[in-house]
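Swiss-Prot annotations:
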type: SIGNAL; residues: 1-22; note: signal peptide
type: DISULFID; residues: 273-283; note: disulfide bond
type: DISULFID; residues: 282-341; note: disulfide bond
type: DISULFID; residues: 310-373; note: disulfide bond
type: DISULFID; residues: 314-375; note: disulfide bond
């Protein structure tokens, strides 16, 4: 190659070099804003993943806290058949209507793993044939679960629905404990209540059966059930003891109030955000759990509640529980994986539900609502 050609080649290389580099930079320039959009999309995806994980965790937690391996197979139609049309149950349902998502206390139980039961409603079933004569009586047996054994019974009320009376009359509501038939005897008279009834619509009446329940708890083998009668002055039995046509949901039931020990309170603080918040730090976000979406018709109330979830970044200095933690992490940054955004305060929810024995339970399930989030 001649010297003149070499000089020309070098001159072109020097002249065109910057132009090529400028073209590359021009092509790369629009991609500068891409990481920002990618970060925003990534944040949305992370939150969505956290919400999905939280919902799945809530399903597992509820079953675990209620000591269930799987959800009871109770459909909406069965719920309508089993749900008593009774005053105390309606009061519990009205409580949810009035209180909504605020029907929980700012406390946590000592047992944070399992549900603390407050009220159990047991619908009467047919007693064992050993205490029946010619298929009678058809009522009433109450299955006493182990839940009672570890609890303190505060109150036990038997609710009986009385058919309407055409005249003013005195009704004697009688409760008799059933025993296996021997020598024609199958009863042990337990309680009797005198009731003055006015003519008019049907009514619910209650009678204290704590003493009867106490006997069953101490001697489970004596629980064969009870017979209920409510005779008026003419000898008519006004008590509804079985679900005859037109009397569905009016069968007797027992309402038991129990207590399971003290509770303890906890306090904390944190940040609250919504889904449109630009906050990148650890924050509490809203999340509504809908049991109907789960297909869980066995939960009577609430049908939905606000569970919330935690999401965000945690710097060593941000919302740490102890001030010295930041100094330790700064001195040894490789000695820890760093704080995570997690719930620092949780509270229970009240729930009315059917268990596997088709008993209606009103209880408090601990640690189901995220009240505060923090880095720990």
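We count from 1, first residue shown onward.
The backbone N, Cα and C atoms fix where each Cβ goes, and this holds for glycine too.
Under the DSSP three-state reduction, residue 273 (disulfide bond) is assigned to coil, being neither helix nor strand. Less than 8 angstroms from the CB of residue 283 (disulfide bond) sit 270, 271, 272, 273, 277, 310, 311, 312, 341, 373, each of them six or more residues away in the same chain. A coil conformation is recorded for residue 314 (disulfide bond) in the three-state DSSP classification, outside any helix or strand. Each of the disulfide-bonded residues 310, 314, 341, 373, 375 was ranked by the number of other C-beta atoms within 10 Å, and first place falls to 373. Remark: of the disulfide-bonded residues 273, 282, the most isolated position is 273 (fewest other Cβ atoms within 10 Å of its Cβ). Put simply, residue 375 (disulfide bond) is 7 Å from residue 282 (disulfide bond) when counted between their Cα atoms. In the three-state DSSP scheme, residue 282 (disulfide bond) falls into the coil class.
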